[in-house]
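Engineer: Before I ask anything, here is the structure I am working with.
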Amino acid sequence: MVPGGAGYPPLYCLLTGCNGATNNGVIVQQRLNSIESKLTFHVLSLTILFGLVFSGLQIGVDYYNEKQRFLTETHDLLNRQQGPAALALYNYDNAALESILDSLLLNVAAVASRVEETNSGYVRHAGFSPALLQDEQQAMYFRRHSIPLLEPGTYSDTPRRIGTLYLWSDDRLSRPGFNRRAAVTLLLDVLRYSVLALVLALLLRARITTPVRRLMRLLVNLDPRSAERLPKVDQRLRGTELDELVSKMNALLRQMQQEVQQRQEAEGRVRFMNEQLEEKVRARTHQLQHSLDELRCTQDLLLQAQRMASLGHLAAGIAHEINNPIAVVYSNIATLGEYLAELLQLTDEYELAERLIADEQLLESLFRLRNSIDLDYVRSDAPELVRNTRQSLDRVRNIVRELRTFADSDQQPKERVPVALLVQEAVQELDLQQDKRFRLVSLLDGLPELECVGTQVRLVFRHILDNARDAMPDGGTIEIAGEHEAGWLAVMIKDNGVGMNAADLSCAVNPFFTRKEIGKGTGLGLTVAYNIMQHHGGDLLIDSTPGKGTVVTLRFPCADTGLTVAARERLV
């Protein structure tokens, strides 16, 4: 196999542009299916076919002319021998007839000659035997030529036909060298037309298919979305149908590019609108979530306010109902204490007077009576009982007084009081500065005066500080700081105690909720503080972490501005 790539001859590769090193069947198939390959094949085949047709026509014409020439020569030969043959037949000159017949056989392709006399059996024959001439397999190649023999004019005024001169020729011998000449002519024509087809194919490839293939590559590599350079036909193809097709295609590409650009702009606008819509949805969702949180907080505050209002009405009624009996009991305990003191003094006087009694029986009776009532124990225990009872009554009176804050908050007048003073008074009431277990850090300088009910706000500070102290049984640090900003005054109280978990934190301001031991807390401290803050238009916020401590923030509305903010950053 000659080198041509993938089993194809070099001529095919030259005409179709296939790569000799390419063995990829897909590429070869694409080459075979290309317009260039098909056009080249059709040019080659049609050119060679037309050449063969024209050569065949030429050979046919030559064959016909050669045949006519042979027939003419044969007819002329018979005409020349007609007179001598007629004279010899008329005279029955056998030697002359045989000489004439032999001379006829000297002609090209002549294979037999014959003279027959009319109306008699006289025959003279030369050449192939009559049997061979009549053979079915050979008869198709033999052609018979004849000419009538007339009586010589010297013997009769009206010549009559006396016989016939026959000549048989072999068509295979009638055109010597014609087949060879025809084959050579056909071969030369095939070569000539093949060369012509090759030249036409190369010219067609250079003039048409190569520019078309170049244009096809431009179209294949063209991106309709960014067609910066539109394809143009080669200069050699200007004004052709391909030029018109490319012009239509360029117009279509420009239209497609405009549509793509418009679509991209529309997609950009849609994307921008989607982003804006998503941003609005997120903002609206955040706003709705914030509103929902505020609604839940407001609902919780409303429920808390309702509970506080109900508790306030209940506390006001309980405080009113309990306060009068407690006042009576407290007054009676005081009087009873005085009476008890007088009775004990009288008992002492009686014991001194016993020495003056001479009646032994009376003395013994008094002694038994004193022992039966254990007068010494009563003398030592009775004052303690009265004191404990008075302390318990004081505790009850304090609870009643705190309960009355639910009903009396709006009735008490407000006054301008320094916040630091209220905190200091609450600290003094709890004796925190005297307790060596605790370290108190106060950063309340520069804060404005607060318009409030001083006793109630001091009670709030006292409850918060008391809870901070109880949260640190082994001692610790209590930090107090404040800030004034944007119409609000905030006081932060922080301890490093045990802290509260989420469950305790959610119930911290509920009435009667306490983690203290029985008898050490009423569970009303934060409830009262929360209620007081609500009546002052403020808020009480608690932030606590178990094991790390608690920060309570008290926020009061304050109209004063321009004051320095306390050092909140120092609060750890």
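Every residue number used here counts from 1 along the chain in the order it is shown.
Backbone N, Cα and C atoms are what each Cβ position is placed from, and that goes for glycine too.
Predicted automatically and left uncurated, TrEMBL annotations should be read as such.
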Engineer: Between 39-61, 85-107, which stretch does TrEMBL give the note transmembrane segment?
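Structural biologist: Of the candidate stretches, TrEMBL labels 39-61 as transmembrane segment.
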Engineer: TrEMBL lists coiled coil for one of the ranges 242-283, 284-325, 410-451; which is that range?
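Structural biologist: Checking TrEMBL against the ranges 242-283, 284-325, 410-451, the coiled coil one is 242-283.
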Engineer: Same-chain Cβ contacts of the transmembrane segment (182-204) under 8 Å, 6 or more residues past its ends?
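Structural biologist: Residues 11, 15, 39-40, 43-44, 47-48, 50-52, 54-56, 58-59, 62-63.
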